[in-house]
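Input: a single structure, listed below in structure tokens.
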């Protein structure tokens, strides 16, 4: 007991004077229920935070939609805008969006910390609306590239914002489940993008409608965020304790507010308001978690998954499979894996899903290698090619897809969380950009056997990396995880 009081007094001395009265109120109230504060006996209702999480994951839906929106109509776009047969220009239509996403991701952490999580979502939606409108109305390749770049900046802000928001507003008991919503929303966005063209294929310039459709959920996200809860973690960092308590009450229920505030106070070193320097993220006590996060995203992208999403139509067409059929199966496989991951995330844990996901992806790529073997007959090659790609998407959605964006905000300390996410997402987008730009050319020059073998090797490297470096965060509060990774000095 004396140790507890000593820690509280030490924390009190380090806090700004404007916050001390709030903390004293917390301490006075906690005195009447000390035992219940030390051990949380009941979990908050998941339904209080549910609508806020759903609105936040609209950004993930838009992310998935814009990843896949040019997949099917790319050929029609190239014909209408006059660059048909130019593989470099086709690659730029895909990759310019990713270049914009890199720019957005570089600033995403500073935006999320500077204006809050809710306004970060609104700043994510705005360039998506402007960019999609530009792409929908353009008559030149340059106009298409400008529109895709603007959309990309919004896509760069979105993943960091939603990962931070979902992690910080979700109860620990269902944080993994809610984190899986990000992948499910991304998957649904991809599926809608793939299917949206089917009823309008007979309309001249039908691809323009595909871009216009995306402005609807983007506008809804910008408006709905005005009515959602702000992250109480962010509010606490700003010294707005009373507002943080009010948002905790909206998200967790009144009986859990004091416990949540005291948990945040345990890790307060009085330096949350200080500017986070980039040097802190690249060496010293924070290097390990940033290294783990960056490497996980790098391995995720180098596994070849986005090459599958961007160019699945082209790959399946070479295998003799109609693109609409192929896209339908890919969408179903992705959604099925995401739903299974949602059910298992808080049962098996993040690390287990990552291990088996990357291992399954490696096996799937080896099946693709076998399909490309000249000794395999035509019908067998067809079945192996389609089966291997579907198995790859399914196993990706089980772990490698949803887990990194959930795990990284969990393992990053509160003070550096947004900036560290920005660094890791920047690594994600740099690699994503070059995969989108070079995949078709590498496929032509190296051949499918060598290229898919390289992807399989990356997946096995990921298995080893996860085994050695990733910790399990299932069922732990963000404060417990921070203590485990960064012991108090």
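From the backbone N, Cα and C atoms, a Cβ is placed for every residue, glycine too.
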Transmembrane segment per TrEMBL - which of 305-322, 449-466: 449-466
Segment assigned the feature transmembrane segment in TrEMBL (from 6-28, 121-143, 144-166): 144-166
Contact call for the transmembrane segment (352-376) and the transmembrane segment (144-166): at least 3 Cβ pairs under 8 Å, seq gap 6+: no
Long-range environment of the transmembrane segment (88-108) - Cβ separation under 8 angstroms, sequence gap at least 6: 66, 70, 74, 77-78, 120, 124, 127, 131, 141, 144-145, 148-161, 310, 418, 421-422, 425-426, 428-430, 432-434, 436-438, 440-441
Interface present between the transmembrane segment (144-166) and the transmembrane segment (382-408) (three or more C-beta pairs under 8 A): yes
